[in-house]
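A.B. asks: I have a structure I would like to understand better, so I am pasting it below and will then ask my questions one at a time.
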Amino acid sequence: MIREYLRALPVFAGDLPTFAPADVPGRPDELFVSWLVAAVEAGVREPHATTLSTIGPDGVPSARIVILKNVDAAGWQFAAHAASPKGRDLARHPAAALTFYWPALARQVRVRGTVRPATAEESAADFLARSAESRAEAARGRQSRPLDDRPTPEISLDPGYVLPEWTLYTVEPCDVEFWQGDKHRQHTRLRYSRATPGWDRQLLWP
Ligand SMILES: Cc1cc2nc3c(=O)[nH]c(=O)nc-3n(C[C@H](O)[C@H](O)[C@H](O)COP(=O)(O)O)c2cc1C
């Protein structure tokens, strides 16, 4: 029953943008920013949310959503508690994938690479830019622990307090793939692969 229900759900409905891979910039972060801005303008909710996939100690991947904090030639940045499961995965195996999907535009971006923690100063600046509630919750240090019925402890943080485990991470990409969906299934895939110097570009069968 659910099989037919799923099969009947539409994909790539509505007006979709075109994508001309011949006109792209030489750097993937520049194309990414233009796609991100297009997603914002198309009204995509949380367009800066991305699925972060890491490798667990048992070799099984784990994926969860995080918020993109910055992107530039150095890479894609997100922030997390270093003692969280994802932080421990990254300490053991500093590699990850980020997957963005902007449904209104039928666009996906996949980023793969090595992960480097930022300096303590950069991580501190990210922590201090968070809301008071987010800082207090991070400082409780209970993320991903079993939720019990103990009352939430009141925490009043000094405004300059920085949680030492809060970490800004940079995914330094080895490849970045842009995927544009098409109503008639003439999808377009373009992969940037790191070269020395710069980037190679290759179209792929969708
Ligand atoms: C829209 C959205 C944004 C999120 N942003 C973050 C984030 O920036 N950093 C973070 O650590 N967790 C974020 N989370 C929570 C994570 O998805 C995840 O539940 C949590 O970090 C625990 O992951 P872990 O147990 O694999 O370490 C976000 C969740 C959602 C749905």
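Backbone N, Cα and C atoms are what each Cβ position is placed from, and that goes for glycine too.
Feature annotation from TrEMBL assigns domain 'Pyridoxamine 5'-phosphate oxidase N-terminal' to 38-154. Per TrEMBL, the feature FMN binding site maps to Arg64, Ile65, Val66, Ile67, Leu68, Lys69, Lys86, Gln108, Gln143, Ser144, Trp179, Arg189. TrEMBL lists 135-152 with the feature compositional bias 'Basic and acidic residues'. Feature annotation from TrEMBL assigns region 'Disordered' to 135-156. Residues or ranges marked as domain 'Pyridoxine 5'-phosphate oxidase dimerisation C-terminal' by TrEMBL: 166-206.
Quick one: where do these features end up spatially?
C.D. replies: Of all the Cβ atoms in the protein chains shown, 21 others lie within 10 Å of the Cβ of Leu68 (FMN binding site).
Counting same-chain residues at least six beyond the ends of the compositional bias 'Basic and acidic residues' (135-152), those with a Cβ under 8 angstroms from any Cβ of the stretch are 81, 83-85, 127-128, 161, 163, 165-166.
Residue counts for the domain 'Pyridoxine 5'-phosphate oxidase dimerisation C-terminal' (166-206) under DSSP (helix as H, G, I; strand as E, B; rest coil) come to 0 helix, 28 strand, 13 coil.
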A.B. asks: Scan Val66, Leu68, Trp179 for binding-site residues whose C-beta lands under 6 Å from an atom of ligand 1 and note them, or write none.
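C.D. replies: Cβ < 6 Å from ligand 1, in sequence order: Val66.
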A.B. asks: Which residues in the same chain, at least 6 apart in sequence, have a Cβ under 8 Å from the Cβ of Gln143 (FMN binding site)?
C.D. replies: His81, Ser84, Glu137
A.B. asks: Determine the Cβ neighbour count for Arg64 (FMN binding site): the number of other Cβ atoms within 10 Å of its Cβ.
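C.D. replies: Other Cβ atoms found within 10 Å: 14.
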A.B. asks: Which value does the mean pLDDT take for the domain 'Pyridoxine 5'-phosphate oxidase dimerisation C-terminal' (166-206) in this predicted structure?
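C.D. replies: Across the domain 'Pyridoxine 5'-phosphate oxidase dimerisation C-terminal' (166-206), the average pLDDT comes out at 96.
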A.B. asks: Reduced to three states, what secondary structure does DSSP give Val66 (FMN binding site)?
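C.D. replies: In the DSSP reduction, Val66 (FMN binding site) maps to strand.
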